[in-house]
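Here is the structure we will look at, set down as structure tokens.
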């Protein structure tokens, strides 16, 4: 399958954005049990980790979604895609993506409102106006943000996993991969945001441990996925045409002399030649190096800041290569009619 | 609605005879011509007279070489044959047991078409009344997910129009009361010079097409994928077993002892 840049950018970037929102959402929801409005006020100041995360997630998710419109033949009609959520995973993805903006904007509105009130009060210890923040609103909005993000990435994965003609996509590794890599890249981003001024977040050790665990899980998952697609059961032109019982079927004349939409879109072959090397790049740059840097940051606190950004760059590079391979290595059944084997 | 309707009794479709198809592409051309001006047109090509012309055709005619020991067996539809005797990698078919099959490929109007259910906009739909799968080109956003979902390559994106286009089973001909009743057939069926294409109701076991399918062992493409195609293909009839062809290529031996001295001399000279 031809990897189109708009889809690569969309799935990697919005995957990372939703992963970040999952972490921000959970982090916000975790304030809930320990109600202390004073703590909220310090933690939810601009700038701060949660606000960074909310904003960075918003940028990534929106630019990813906008980029996906480039893929459409008629982008102006994109709003129609919200209608068929009963049957279509793509439609469900659209609905959940829009739904997820609601809690994100909700949090932003509350923060903006309270920041405005705080400003009018100045440094007075007494709060004059009514702050909208309560432990409950935080918990509800954070939970909704995390749930919406998980659901959206789940739908993205299922768009591919439901396509029977592409065996490399129609399997149980795909949805798990999208979710895991989304959370993982969100974790890398969260780590980088923590290094910004006032970006401190509680439980950074847990974040680093999560990054290491997700990286190792990601590497393992991709290993098993690649083993699965390499064992691809050979189908033939004989099976596709139903002529196999007569002998070996071979295409000797194409229906057209030039490329057509199908051969252009589904006959993409360039990747397979370099797939071994590219897979190694994914594992090393995408997973092992960031995991090593995260471990280093736990034991050598001095490397925490530099490590975060190196891990983010190599990790995201690895994920782009991973997503490129995800498309480029996938074969479509229709190519059997064109003599593919 | 892209959810599938409850299936009605009528299943309109095509039956394509691979025995008589000669690969002339008349069906593809007639289809392109009708649909360019029909209710679902136009079908514009990008760069039509340039170096890389590209455009949507609802019908594509493939040419296959079938090489194997099963051809002469006259037991079609039985178990898988042994592997071809000749080297399958060889570019030259062994004429003794090879044949060519021309294979028109178009939408099969499946009973459970994934191209319809994956559509996010409701542009793709399957008609309850006759099972025809259509695209509403005013709603299509050109996301191409339906093309990915179709294993038969029935859908193509029109680069010029930005929407997906596919075989309509000439829905604007078959119910068209301004045409003579004999002409209310898909354009491809009308155009076929060898009558290799038949149109009818495959949901009715008494229809001409259903009887043809029963008589000739018509089959569906890749039923194992679960899309339940409506169209059927009639397999090539068995060829002669290849022994006559084999005889023609046997090197003849000459008993020179029976020839006159002159002919023996000529044979010796020519054999050098």
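Yeah, the Cβs are placed from backbone N, Cα and C, and that goes for glycine too.
Copied over from TrEMBL, here are the features:
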- A:7-31: transmembrane segment (TRANSMEM)
- A:51-73: transmembrane segment (TRANSMEM)
- A:94-112: transmembrane segment (TRANSMEM)
- A:132-161: transmembrane segment (TRANSMEM)
- A:173-193: transmembrane segment (TRANSMEM)
- A:205-225: transmembrane segment (TRANSMEM)
- A:281-300: transmembrane segment (TRANSMEM)
- A:306-326: transmembrane segment (TRANSMEM)
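Among the stretches A:7-31, A:132-161, A:173-193, A:205-225, the one making the largest number of Cβ pairs under 8 Å with the transmembrane segment (A:306-326) is A:173-193. Just going by CB pairs under 8 A, the stretch in A:7-31, A:51-73, A:132-161, A:173-193, A:205-225 that sits most against the transmembrane segment (A:281-300) is A:205-225. Between the transmembrane segment (A:205-225) and the stretches A:7-31, A:51-73, A:94-112, A:132-161, A:173-193, it is A:173-193 that has the most C-beta pairs under 8 angstroms. Listed by sequence, the residues of this chain that lie at least six past the ends of the transmembrane segment (A:173-193) yet keep a Cβ under 8 A from its Cβ atoms are 11-12, 15-24, 49, 52-53, 56-57, 60, 149-150, 153-154, 156-158, 160-161, 199, 201, 204, 207-208, 210-211, 214-215, 217-218, 221-222, 224-225, 228, 290, 294, 297, 308-309, 311-312, 315-316, 319, 322.
Long-range Cβ contacts of the transmembrane segment (A:132-161) within its own chain (Cβ-Cβ under 8 Å, at least 6 residues beyond either end) map to 11, 14-15, 18-19, 21-22, 24-32, 35, 37, 40-41, 44, 89-90, 92-93, 96-97, 99-100, 102-104, 106-107, 110, 113-114, 169-172, 174-179, 182. Sequence-distant contacts of the transmembrane segment (A:94-112) (same chain, at least 6 residues past either end, Cβ-Cβ under 8 Å): 14, 18, 21, 25, 28, 44, 46, 50-51, 54, 57-58, 61, 65, 81-82, 85, 132-133, 137-138, 141-142, 144-145, 148-149, 151-152, 155. Tertiary neighbourhood of the transmembrane segment (A:7-31): same-chain residues 39-40, 43, 49-50, 53-54, 56-61, 63-65, 67-68, 71, 97, 100, 103-104, 107, 135, 138-139, 141-150, 152-153, 156, 178, 181-190, 193, 201-203, 207, 316, 319-320, 323-324, 327, selected by CB-CB distance under 8 Å and a gap of 6+ residues from either end.
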